[in-house]
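Single-structure report; data block below.
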Amino acid sequence: MGNSFSNIAAFQSLHIVMLGLDSAGKTTVLYRLKFNEFVNTVPTIGFNTERIKLSNGTAKGISCHFWDVGGQEKLRPLWKSYSRCTDGIIYVVDSVDVDRLEEAKTELHKVTKFAENQGTPLLVIANKQDLPKSLPVHEIEKQLALHELSPSTTYHVQPACAIIGEGLHEGMDKLYEMIANVIWLKCADTTCWLSPSFF
């Protein structure tokens, strides 16, 4: 299966949408992945988009088109259109802001229940793990009720600190592997073969 990943990657630029409540750290994640350094950001009004070639781990060399969509309540109705037909969803949560985890759970489950997102791989980035009182990953997984997601939705929860980049490359490796598995299974179901024409 490992060889399959590289074959898939050779022909495809992945479309990744990044969601989460306001102030969770989505844009910081985006620009840490792009520039490998901390970039001061302002609240996203609308969206940010970047094409990034990943530089580390299993996903090294993979080209991704990221869409970072604003998390303010008035912008969340846009999430459906931006996540339609995406290869993967990154959902960023603030590990310290316990009071908003219920809200984060509600919004996450709305997105994953859209018909177009059934089976779309999900990477949950538990951001701000460097701060005191940050919840551990197992508690965030429980609070977000990830076990209630559709059985077709594979997911991974990655502890991270976007400011210094800790955990981000490991998370992208996991997301890439989940996406590659989905593409491989679709390919097997349609008895196609991995070629540029398929992608």
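Even glycines carry a Cβ here, placed using N, Cα and C.
Model, not experiment: these values are computed from the prediction.
Under the three-state DSSP scheme, Thr27 (Mg(2+) binding site) falls in the helix class. For Thr27 (Mg(2+) binding site), the same-chain residues 6+ apart in sequence whose C-beta sits under 8 angstroms from its C-beta are Thr41, Thr44, Asn48, Asp68. Taken from TrEMBL, the feature GTP binding site applies to Gly20, Leu21, Asp22, Ser23, Ala24, Gly25, Lys26, Thr27, Gly71, Asn127, Lys128, Gln129, Asp130.
Annotation comment: TrEMBL describes Thr27, Thr44 as Mg(2+) binding site.
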Next on the checklist: If you pair up every Cα among Gly20, Leu21, Asp22, Ser23, Ala24, Gly25, Lys26, Thr27, Gly71, Asn127, Lys128, Gln129, Asp130, the residues annotated as binding GTP, what's the maximum separation in angstrom, rounded to an integer?
Outcome noted: 22
Next on the checklist: Say we define neighbours as other CB atoms within 10 Å of the CB. Which of the binding-site residues Asp22, Ala24, Lys26, Lys128 has the fewest?
Outcome noted: Asp22
